[in-house]
Amino acid sequence: MKEKLMRCIIERILKEYKEGKTLDKKRIEQIKSECLRIYRIGIGHPSNSEILKYATEEEKKILIPILRKKPVRTISGVAVVAVMTSPAKCPHGKCIFCPGGLDSVFGDVPQSYTGREPATMRGLMFNFDPYLQTRARIEQLEKVGHPTDKIELIIMGGTFPAREIEYQDWFIKRCLDAMNERESKSLEEAQKINETAKHRCVALCIETRPDYCSEKEINQMLKLGATRVELGVQSIYNEILKLCKRGHSVEDTIKATQLLKDSGLKVSYHLMPGMPGSSIEMDKKMFKEIFTNPDFMPDMVKIYPCLVIEGTELYEMWKRGEFKPYREEEAIEVISYAKSIMPKWVRTSRIQRDIPATVIVDGVKKSNLGELVYKYMEKKGLRCRCIRCREVGHVYYKKGILPDPEHIKLVREDYEASGGTEIFLSFEDVKNDILIAFLRLRDPYKPFRKEIDDKTMLVRQLHVFGWEKALTRDIKEVSWQHMGYGRMLMKEAERIAKEEFGKKKILVTSGIGVREYYRKLGYKRVGAYMGKEL
């Protein structure tokens, strides 16, 4: 009887699809109800992943994009897999706002987490085993119809470079083993296998503190295969950093930013408006400084308003009436301002932490703060031109607009940052302001890596957006990843490096699983990079 129910749902969806009817979430649920009334089985609405089990391979090609949950998960062309390291002490002590850690009110959980976040719960469930966490997340994404051939691996759980080198190597190796679906003898072997694996690690992100980002830590991160480093900057005011016991200075942030960029890595800042000692005006000034002062200018930002959580020093201050976090409308005002002045080469990767409202004592409890910011900006006539707001998948998802091929042009923006010259190359629909692909090219300032000399130009990032989505009538590919934009951007980067900067060599910081792509463009391994003589 259950099989008949599932076939009923599948056949009705396919029939309406062929008739060109709208198949949104509401209509899918109605179809489930209609079939349940026919077969009168005493179960609730079957999940989409359960329905897919009863579909043929041909049917799945149509059903998966229609039933796919949370399309934003792979809207940028890659599937994100976040893996949590085991709980360990923070290298510098504890910030006043930081929950979690060993012996916290939440038990032994990773530093700065509560144990209630999805990634932390997955970590706890698998005893922080990197292999099991990675496998479980990939399987979870596949069940709800997401492609998992391109994986962005994010290592969460505190200052990863502060852990023992042996732990770091083992942890990344086990994540790669899970993607490779086989055991390897060493990190190097796991990386080599992953270059052509079914689930390729196309990006690896590591979180650290500005004072744990010296040449030594950067060398280790590059050895692991890192392509992006997220810095816990929080504030650029030393008095606030000191008050909050951050244990690092703004000078550490400036130095770490320069070293990372000159090593070809992407730089993401974690920023926390509303910290003790700050104000709305100070936070607005901070964002303006970060986006205009060449000492900073990160490639990406995550914005988390300061929250009061039990078990922290900040909680005790709050109880004594010494601190009051931002109200929702204050946080929206500050973040909207930040987004309205954000340069087109910055990407907003997250607004608001993944902490459940139940553990937030005071502060912004809405998990959809980003949506509220978006609505506020629309109402005020403000516009954000960051990468995320302009990328092809997000524009289609939010506005239903696709790029017009006649208006797709190569666009270039040069700017000075961290002592060097940055060139942001992109293919854009200039009429509709839609971003299709981009490349970050850098003439470094003071590189320390032996592979990089004064005749070397760096490609810090190449990204072509891709996404599939079921449209009302047809399954259309909103995917730009196989139209040659990547090759054209690389060709232009090589031309600029040779003709305009007189360079003899170009190096690319390539994800492990993208090395084969660069080999096809004539690149070969040069230390931690893929390189080519010009």
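From the backbone N, Cα and C atoms, a Cβ is placed for every residue, glycine too.
Feature annotation from Swiss-Prot assigns region 'Radical S-adenosyl-L-methionine (rSAM)' to 70-330; the stated evidence is an author's statement.
Positions annotated as domain 'Radical SAM core' by Swiss-Prot, on the basis of sequence analysis: 73-344.
Per Swiss-Prot, [4Fe-4S] cluster binding site is recorded for Cys90, Cys95, Cys98, and the stated evidence type is similarity to another entry. Within 10 Å of the C-beta of Cys98 ([4Fe-4S] cluster binding site) there are 22 other C-beta atoms, taking all protein chains into account.
The annotation acetyl-CoA binding site is assigned in Swiss-Prot to Lys150, Gln461, Leu462, His463, Val464, Tyr485, Gly486, Arg487, Tyr518 on the grounds of similarity to another entry. In the shown protein chains, 22 other C-beta atoms lie within 10 A of the C-beta of Tyr518 (acetyl-CoA binding site).
Among the features that Swiss-Prot reports, disulfide bond is placed at Cys384-Cys389. In this view, Cys384 (disulfide bond) is surrounded by 21 other Cβ atoms within 10 Å of its Cβ, with every protein chain counted.
Helix, strand and coil content of the domain 'N-acetyltransferase' (387-534), in residues and according to DSSP, is 40 helix, 62 strand, 46 coil. Summarising the annotation, Swiss-Prot assigns domain 'N-acetyltransferase' to 387-534.
Note: the [4Fe-4S] cluster site is recorded as Cys90, Cys95, Cys98; in the same chain, His92, Gly93, Lys94, Phe97, Gly101, Gln111, Ser112, Lys245, Arg246 also have Cβ atoms within 8 Å of that site's Cβ centroid. Other C-beta atoms found within 10 angstroms of the C-beta of Cys90 ([4Fe-4S] cluster binding site) number 19, with every protein chain shown included. Taking Cα separation as the measure, Leu462 (acetyl-CoA binding site) is nearest to Cys389 of the recorded positions Cys90, Cys95, Cys98, Cys384, Cys389. Across the annotated binding residues for acetyl-CoA (Lys150, Gln461, Leu462, His463, Val464, Tyr485, Gly486, Arg487, Tyr518), the two most widely spaced Cα atoms sit 18 Å apart. Rounded to a whole value, the Cα-Cα separation of Cys90 ([4Fe-4S] cluster binding site) and Lys150 (acetyl-CoA binding site) is 32 Å. Each of the recorded positions Cys389, Leu462 was ranked by the number of other C-beta atoms within 10 Å, and first place falls to Leu462. Taking Cys95, Cys384, Cys389 as the recorded positions under consideration, the smallest Cα distance to Lys150 (acetyl-CoA binding site) is found for Cys389. Annotated pair Cys389 (disulfide bond) and Cys98 ([4Fe-4S] cluster binding site), C-alpha to C-alpha distance, rounded: 30 Å.
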